[in-house]
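Accompanying notes for the structure given below.
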Amino acid sequence: MNNFRITIVAFLAVLVFTTTVTNSLDEPNMDTISKSREYKCKIDLDCSNHIACRHCSYRNCKCDHGTCKCMP
């Protein structure tokens, strides 16, 4: 019975470890000065759900040199 408990504890520890590592790999880079997440767009479609474009319409949000901006 003691081996079963050790097996369960080891399994849970490995599960928590792999989940933590996987989540940390998915996060974008952090800017060290402002501690904000660095986001670089490549095409206009990358900006469709970005917070910088929430106040402008979908077609007016453009990727301008890696930054999502509302265009007039």
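In case you wondered, yes, glycine gets a Cβ from its N, Cα and C as well.
Listed in Swiss-Prot for this protein:
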type     : residues    : note
SIGNAL   : 1-24        : signal peptide
DISULFID : Cys41-Cys63 : disulfide bond
DISULFID : Cys47-Cys68 : disulfide bond
DISULFID : Cys53-Cys70 : disulfide bond
Since the record lists Cys63, Cys70 as disulfide-bonded residues, which of them has the fewest other Cβ atoms within 10 Å of its Cβ?
Cys70
For Cys70 (disulfide bond), the three-state DSSP class is strand
Rounded distance in angstrom between the Cα atoms of Cys41 (disulfide bond) and Cys68 (disulfide bond)
7
Using a Cβ cut-off under 8 Å and a sequence separation of 6 or more, which residues in the same chain sit near Cys47 (disulfide bond)?
Cys41, Cys53, Cys61, Lys62, Cys63, Cys68
For Cys41 (disulfide bond), what is the tally of other C-beta atoms lying within 10 angstroms of its C-beta?
21
I'd like the Cβ neighbour count for Cys53 (disulfide bond), meaning other Cβ atoms within 10 Å of its Cβ, all protein chains included.
20
Under DSSP, is Cys63 (disulfide bond) part of a helix or a strand, or is it coil?
strand
